[in-house]
Amino acid sequence: MRRVTLLACVVALCVAPLALLLVPITQDLRHQPLLVGSGLLMAAMALGEAFSPKLVRRLSLRHADLPSSAVTAIGAGVVLILFGISSLLLSGPVELGVWTLISVAFGVFRFASRAFTIGATAESRAPELTASSLATMMLVAGLFAPLGTFVWSLLIGYFSASTAVLCGGTAMIVLGIPILISTQSPNSRNSARGVAAE
């Protein structure tokens, strides 16, 4: 329960603000017209969400929900880094086209991670405690969400949108890998078996 909640908080800090701050990010990257660009990226993320069940099914065949959640969250971090690099190297319609493809990938990984996080939370305790476990995880992660938005806003305001996206992606990878490694430990697997047995 602690690890899945920690992962949810890291995602709220490092990854989730992209969708919330998409309009100011598009504005800072000087794409015109602003509404068309930001609307296209939002639609691309929604399209990615539609494809996320395929990724969920594939990972579910090989891994438990918690490591799968960590893997997909790290994948979202990698996508953020690609987003930041493309904004530094490209411009014009080509840049917007690349952003659109990256936004689809972001939607796939982000929503797959959310699904696995909910599943891992439900698995972390006895079945009769599922509702309270989900409520606790969502409450704690929800408390971190405004902090993530605030930090991203500061990075956009004082530096640039590219800096915010690159920092978010890098932080997600740096913080997500130790969580992923911890899910592979023998103690972690034994505790998961114990919950399943209950």
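Placed from the backbone N, Cα and C atoms, the Cβ positions cover glycine too.
Whatever TrEMBL says is automated annotation, not expert-curated.
Residues annotated as transmembrane segment in TrEMBL: 31-48 (among others).
Sequence-distant contacts of the transmembrane segment (69-90) (same chain, at least 6 residues past either end, Cβ-Cβ under 8 Å): 4, 7, 10-11, 14-15, 18, 29, 55, 59, 63, 98-99, 102-103, 105-106, 109-110, 112-113, 116-117, 119-120, 161-163, 165-166, 168-173, 176-177, 179-180, 183. If you look up TrEMBL, you'll see 69-90 (among others) marked as transmembrane segment.
According to TrEMBL, the transmembrane segment annotation covers 96-113 (among others).
Annotation source TrEMBL lists transmembrane segment at 134-155 (among others). Remote same-chain residues near the transmembrane segment (134-155) are listed as 1, 4-5, 8-9, 11-14, 16-18, 20-21, 24, 117-118, 121-122, 163-164, 167-168 (criterion: CB distance under 8 Å, separation of at least six residues from the stretch ends).
Counting residues 6+ beyond its ends, the transmembrane segment (161-181) has Cβ neighbours under 8 Å at 3, 6-7, 10-11, 13-15, 17-18, 21, 24-26, 28-29, 67, 70-71, 73-74, 76-81, 83-85, 87-88, 152, 155 in the same chain. The transmembrane segment annotation in TrEMBL covers 161-181 (among others).
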